[in-house]
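Handing you a structure now.
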Amino acid sequence: MIHKTAAELGALIAAGEVSSVEVAEAHLDRMAEAEPKINAFLHVDRETTLAQARVVDDRLRSGERLGPLAGVPVAHKDIFATRDMPTTAASKILEGWRPPYDATVTGRLREAGLVILGKTNLDEFAMGSSTENSAYGVTRNPWDLTRVPGGSSGGSSAAVAAYEAPLSTGTDTGGSIRQPASVTGIVGMKPTYGGSSRYGLIAFASSLDTPGPFARNVLDAALLQEAFSGHDPLDSTSIDAPVPSVVEAARTADVAGMRIGVVKEFAGEGYQPGVLARFHEVVQLLESLGAKVVEVSCPSFATALPAYYLIAPSECSSNLARFDAMRYGLRVGDDGTRSAEEVMALTRAAGFGPEVKRRIMLGTYALSSGYYDAYYGQAQKVRTVISREFEAAFHQVDALVSPTTPTTAFPIGERADDPIAMYLADLCTIPSNLAGNAAISVPCGLADEDGLPVGLQIMAPVLGDDRCYRVGAAVEKALESRWGGGLLSKAPAL
Ligand code: GLN
């Protein structure tokens, strides 16, 4: 059961061949076996999960028409508000907090009949690339338990790669869906900014945060994206425009005649040789499938990382001001002798981890009077230049490709004391966050040096999400026959 795709499970449940409760039980059993090693989940409650599955079974039995994923389990990143489960963003400052409402993404999962298996681990407030910044312990990569599963949505990527869930949700602010998908050998998609709702998502950098899906194959990811995305009046940056069907695109799986650009700046020095080897092979594969491949130069992409590390911390310093010891979660030192300011300072000092504090300080500095123009203002100009470069590139080609991340999964601890090395994991993913366009990571093989998964990033224009799925599915289809049984069948058994 746990090896089936989400589409297959949905079809079996719809046909009445298996119940949603049985599918949930199989995954809960798998979690009981895998979690001691993986630690993908922060919160699991068997009874709440089975109760949801029973409701879906009843709805289906009574003849209600639900979507293609009705009854299928999903692991949900613990940054989305869930009214029946704790929501912590992996921070001590939110320990024990239960939101009084559901995020839009959560609500749509429920409406489509998906069953939430639990809440997954992440870097605190989604700041990081390894889950090592979680206040509740690191998640381990199912391919090699001594390595990170990527981040910030590392619990979600590991859960899917370890067959604990067929689907999971993530958020991508600078690469937090694509990079973990890449290093765990699964599919992860960052939709167009504004294509999926931020309502009820704990904010990190509001102009960048984008919910998206993880799955073990391209079609499943498309089905999940279609289930929870679309216009939401509760999110002021939500796009109210018709979007091409990503499910149809995933089924098309054809690149004949498409123009595909290789980003020249993202495939040279500093990249792991095994990553480059798989990337160059997959570019050739695209050509053999009938795509017209050209090299495209995007020189400003090299400035995306420094610009991001001014813009994202600036927004985070403002967003995280709401954790003031009065409204949510933790409150430290409130013994009647201290002022509100003192309680606030003590609570924030105790509740936030070191990376979150670093970002708040960086952002506060970048926004402060006298420095604003030189840092935040300058970074915003760079952002505009990057968007224009994307636009120019998309006049030339239908999609751009690059490796998703410069290296395969790195060992736990290796970059923990070196923030710059950690930040470099998102070198290739950040430009699409700054410009808001769609981008996906699909597996393209294993690196020779370490036998670990390599991801191909496919970037498409704003609202061109369908192109990511179309190209991704074509690559998947062509490689599947070579791998036989899918890339994950090569992962060492847990
Ligand atoms: N790793 C990047 C950061 O730390 C991106 C995180 C994300 O996309 N949420 O900011």
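Cβ atoms are placed via backbone N, Cα and C, with glycine included.
Pulled the feature table from TrEMBL, pasting it below:
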DOMAIN    22-468  domain 'Amidase'
ACT_SITE  K77  active site, charge relay system
ACT_SITE  S152  active site, charge relay system
ACT_SITE  S176  active site, acyl-ester intermediate
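I'm curious about the neighbourhood of these features; can you describe it?
Long-range Cβ contacts of K77 (active site, charge relay system) within its own chain (separation 6+, distance under 8 Å): K119, T120, L122, S153, G155, S156, S168, T169, G170, T171.
Annotation note: S152 (active site, charge relay system) sits in a coil segment as assigned by DSSP. Sequence-distant contacts (6 or more apart, same chain, Cβ under 8 Å) of S152 (active site, charge relay system) comprise L122, D123, A126, M127, G128, S129, T131, N133, T171, T173, S176, P180.
In the three-state DSSP scheme, S176 (active site, acyl-ester intermediate) is classed as coil.
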Would you mind sorting out which active-site residues among K77, S152, S176 put a C-beta under 6 angstroms from ligand 1?
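With ligand 1 as the reference and 6 Å as the Cβ limit, the list reads S152, S176.
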